[in-house]
Amino acid sequence: MDKYKVAGKFGLPDITVAEMESLASFCEAVLPSVQPPPEELSGEGDNHRNKEALRSFYSTSGSKTPVLRQSIELVTKRGTIEAYIATRLILFLLATRLGTLLICGTECLVSRWPFVEKFSELSLEKRERVLQKQFKNWILTPIRAAFVYIKVAFLFCFFSRVNPNGENPAWEAIGYRVNPDENKPSETHNERPLEKGIVETMEETEQTLLESLAHKGLEAVLDTEHDAIRIKCDVVVVGSGSGGGVAASVLAKSGLKVVVLEKGSYFTPSEHRPFEGPGLDKLYENGGILPSVDGSFMVLAGATVGGGSAVNWSACIKTPKSVLQEWSEDQNIPLFGTKEYLTAMEVVWKRMGVTEKCELESFQNQILRKGCENLGFNVENVPRNSSESHYCGSCGYGCRQGDKKGSDRTWLVDAVGHGAVILTGCKAERFILEKNGSNKGGKQMKCLGVMAKSLNGNIAKMLKIEAKVTVSAGGALLTPPLMISSGLRNRNIGKNLHLHPVLMAWGYFPDKESSNISFKGNSYEGGIITSVSKVLSEDSEVRAIIETPQLGPGSFSVLTPWTSGLDMKKRMARYSRTASLITIVRDRGSGEVKTEGRINYTVDKTDRDNLKAGLRESLRILIAAGAEEVGTHRSDGQRLICKGVNENSIQEFLDSVSTEEGAKGMTEKWNVYSSAHQMGSCRIGENEKEGAIDLNGESWEAEKLFVCDASALPSAVGVNPMITVMSTAYCISTRIAKSMTTGLSH
């Protein structure tokens, strides 16, 4: 039974065999061995599906798969302390008769001694009923949340895992196959454009690190007094994403010696794999499984060289004029009303190689566009930082073709070309602050650099990077905790966190010869976002935008509502021809992140109403495009069969759409929100009461400490924010460069 041994965490003991038996019984109820529905094998389903693969998929039991250990390891490694403790408690209770009685009630009672069965002894039918009841349990919501954690971890591992050959036994049945043409490496796949300036600390020792730093032109020596490696430079930039890459480029090109710290790793196109599990694990914060504290949100944030720009879905949308007006006039931040900012957007647009057309749209974007056209709704092209012919559905796992021009292939290349050095596998621990003798601008402290640590266990010494100017660009989730851990106390640090909350609608479009409407491709193929529709209010204000997502099999299964084992398998069997539309709102509400990995956020009522409007419009679009069935991801499996349905029935269905938040909410029905955009948690403000940084991007408390990432934005943007983040960083870093190279105060 050692194969089940998984180390404990947060002071709890190792996972026991009894707990693993509870987990196996739970997972069997989630994905039981069942007979496939006759229509799945009779030819009435999708044409492309292999019938033998379907039989094998339906007969597979969740308790018999090798992913049980991976599932509990995922909760252990990626879950919050609340999720981990709740999961362990539930598995422990289900391994006992008394605990099973407390959770399962009368389902576990039998007429023979000892009159109560453990969860693993219950029949499959009883276990399924227990899950169904608990997913509706609006009183003991912590129990429900724990059930959700286990379900999410298991399904994600089951559908995203790959063997060394890049295979998963479930993929053929659900119609998922990686397109070799779409995912072939570029002709320059061996190119390492950052090689000249990269130092990968994970491959170094303390001695070789010193040699590598010196080879890159840096002054690096052992500081025995502080047991550190001391590195001197003009500017240190913490983070290499949309903001950090731009800042590094601008500052290096102005003749300054720049060091960039990146805790993630560097990958070239040929090193990317077009698979969800490995891609999320190596390129995203917390392996792509980053929940809010209460579990109501799943958050995606890049954690590699290039940051979010290396893994985003290529959308390049300029800051809306209405947002610029609000920021410049209502919030009194002049920058956003200047020619300086408009020029910055053009510079960014050009350097990113943005194109405004798409030669061939993906399955999902075809459906979005067709549905909008049939309804007379607005639909627009979404510019991308790729070629017009770029047809890649796996850019979120790193662009294997090298066509997408993220920061790692643009701004950082420029920076390295002008002498910048990038340290990967290197995490900033705190800023080096001292009392400001000059008290310039009323700032009590002055920043002298960063204390950082390599994630390589062979490098025990801290890295002390001494710099004239320090730029924090770790993103809206990491900049606030870093500033707080350094001793900064501005009340805005970590607050005003905007997430662009997302809910999704789906529509099933079977690939049938008899169908009058045919959309080419599959849900996971082609350009991810090439079309957008705006949801407008009666006075033409934008309430939400509708786009299309990248959903690998694992993510799709996590978001899909579970109502029974058979239903779950039927939904997954339709994966490749299920189109998803995402509703994104410019959130008026906000949350906070003051400790790394601890995201607190509650959706504002106005934002929920706008999400509801977007969901309803998404469903109408899917129906108008010819979907056979549509629905939402609400926990009760809300859906509508479209064949022969009349307008009254459609309207009744749309009226039932709701946006309740999270499994811990006191409602029977609930949703899991998503977020791929995080902003505003160290926002610019006209004074220290309104913002964490001043109008030039400098900390109100510490001289020479600047912020150049999405946390600096005054509020949510309402559209994909990459261009806004880069343009803001361009303006701030240009001002820094001017100040440093002229010796004049800004």
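Placement of Cβ uses the backbone N, Cα and C atoms for every residue, glycine included.
Per Swiss-Prot, these features apply:
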TRANSMEM  139-159  transmembrane segment
BINDING   233-248  FAD binding site
ACT_SITE  His677  active site, proton acceptor
Spatial separation of Gly245 (FAD binding site) from His677 (active site, proton acceptor) - C-alpha basis, Å: 17
Count of other CB atoms lying within 10 Å of the CB belonging to Gly241 (FAD binding site): 36
Assigned element (helix, strand, coil) containing Cys233 (FAD binding site), judged by DSSP: strand
Neighbourhood of Gly239 (FAD binding site) by C-beta distance under 8 A, where only residues 6 or more apart in the same chain count: Val260, Leu261, Glu262, Gly307, Ser472, Ala473, Gly474, Gly475, Leu478, Thr479, Asp709
Candidate with sparsest Cβ neighbourhood (10 Å radius) among Val235, Val237, Ala247, the listed binding-site residues: Val235
Among Gly243, Gly245, the most crowded of the binding-site residues [Cβ within 10 Å]: Gly243
His677 (active site, proton acceptor) in three-state DSSP notation: coil
Same-chain residues at least 6 apart in sequence whose Cβ lies under 8 Å from Cys233 (FAD binding site): Leu218, Lys257, Val258, Val259, Val421, Ile465, Glu466, Ala467
